[in-house]
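Novice: One structure follows; several queries about it will come next.
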Amino acid sequence: MKKIPVTVLSGYLGAGKTTLLNSILQNREGLKIAVIVNDMSEVNIDAGLVKQEGGLSRTDEKLVEMSNGCICCTLREDLLIEVEKLAKDGRFDYIVIESTGISEPIPVAQTFSYIDEEMGIDLTKFCQLDTMVTVVDANRFWHDYQSGESLLDRKEALGEKDEREIADLLIDQIEFCDVLILNKCDLVSEQELEQLENVLRKLQPRARFIRSVKGNVKPQEILHTGLFNFEEASGSAGWIQELTAGHAEHTPETEEYGISSFVYKRRLPFHSTRFYRWLDQMPKNVVRAKGIVWCASHNNLALLMSQAGPSVTIEPVSYWVAALPKLEQEQVKQQEPEILEEWDPEFGDRLTQLVFIGTDLDEETITKELDQCLLTEYEFDSDWSLFEDPFKWKLNQ
């Protein structure tokens, strides 16, 4: 059985996903396309627009509406069932999925990449995820990214427990894609567009970039590209590239617009209070920062710091290998020998590695300020458990 290729469209509310979808459908050149449109509201407005403007044939094609939920979580099971139905139908050459604007792309991609043992559905038998597309509104990106608002603030959340920040959602969509479409380019100046594109290229160096007006993109740009690879997409974010490959080559374009990046790496722990205060006053021209942090007051835990615009989070992700019992340490070292490359005789794998991406970054000042957050010699020799800890995590021990 021939596998049906699938393209997934992601992008924040109002970026132009439905307009792009209609543009593709109007120029599909004989392809029989099944379309799934996901909308958070009870009435699927986007699906109505696709029906009106997409020109889908009632006999050869199909539009599936998935409303009142999100395919990356609450409607994930429904997505599995619908895609399996469409694939087994045998009438379609292609499936295009338009995610809701608040959907994160990774869970959707996982739906096509792994077997769902609970439901007994294996989409990898019927489908091939071909392209992950993210649409960015060139006109409103900075407004949304720097707003400091959450989805709850804008009444766009999945529920009261959905505390996601808009900047974090935008980053999730940008950092996991094969094709990034900068839409509404007619609404910004060429200089603004150049700067935005160069910042986004720094955040997502792997993706193909396409500029568009009113979602006007050639179908071959997002259909049958063969670009998707889960492992590559997962490691494609700019901050990961910087950590794994050291300093990437800085192109003349990024230098022209003052866009730069650097890695801060230290083998001493931060004093939690000083680091917490620094996070609170991080320079506003840092667009993205992410990495692993070693804090003295949580000496056994590797902490993940993630910043996107005004949103900053820091939380434990795992135990340091050096904090594990000796037997477990040896097992991990055998399974992941690359750990030994960074292993320190005294501290083991404990270290801080942070990537900073931004415009007109003052690397020297940021480095100096962070160094002042490290333990002093006196503090290093004292009892770390007595340090004040401003990070109020509810740790599930």
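If you go along the chain as it appears here, the first residue is 1 and each next one adds 1.
For all residues, glycine too, the Cβ spot is worked out from N, Cα and C.
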Novice: Please find, within the list 6-9, 70-73, 262-265, 322-325, the residue stretch that Swiss-Prot describes as motif 'CXCC motif'.
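Specialist: That would be 70-73, per the motif 'CXCC motif' entry in Swiss-Prot.
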Novice: My understanding is the cutoff is Cβ-Cβ under 8 Å with a sequence separation of 6 or more in the same chain; which residues meet that for Gly14 (GTP binding site)?
Specialist: Gly101, Asp137, Arg140
Novice: I'd like the number of other C-beta atoms within 10 A of the C-beta of Lys17 (GTP binding site), please.
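Specialist: Result for Lys17 (GTP binding site): 25 other Cβ atoms within 10 Å.
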Novice: What three-state secondary structure does DSSP assign to Gly14 (GTP binding site)?
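Specialist: The residue in question, Gly14 (GTP binding site), is coil (DSSP, three-state).
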Novice: So what's the mean pLDDT when you look at the motif 'CXCC motif' (70-73)?
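Specialist: A mean pLDDT of 72 is what the predicted model shows over the motif 'CXCC motif' (70-73).
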Novice: Given a separation of at least six residues and a C-beta threshold under 8 Å, show me what packs close to Gly11 (GTP binding site) in the same chain.
Specialist: Lys17, Ser99, Gly101, Val133, Thr134, Val135, Val136, Asp137, Gln173, Ile181
Novice: Output, ordered by sequence, the same-chain residues six or more apart from Cys185 (GTP binding site) with a CB under 8 Å from its CB, or 'none'.
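Specialist: Correct list: Ala138, Leu193, Arg211, Ser212, Val213.
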Novice: Where DSSP helix means H, G or I and strand means E or B, what are the helix, strand and coil counts for the motif 'CXCC motif' (70-73)?
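Specialist: For the motif 'CXCC motif' (70-73), the helix, strand and coil counts are 0 helix, 0 strand, 4 coil.
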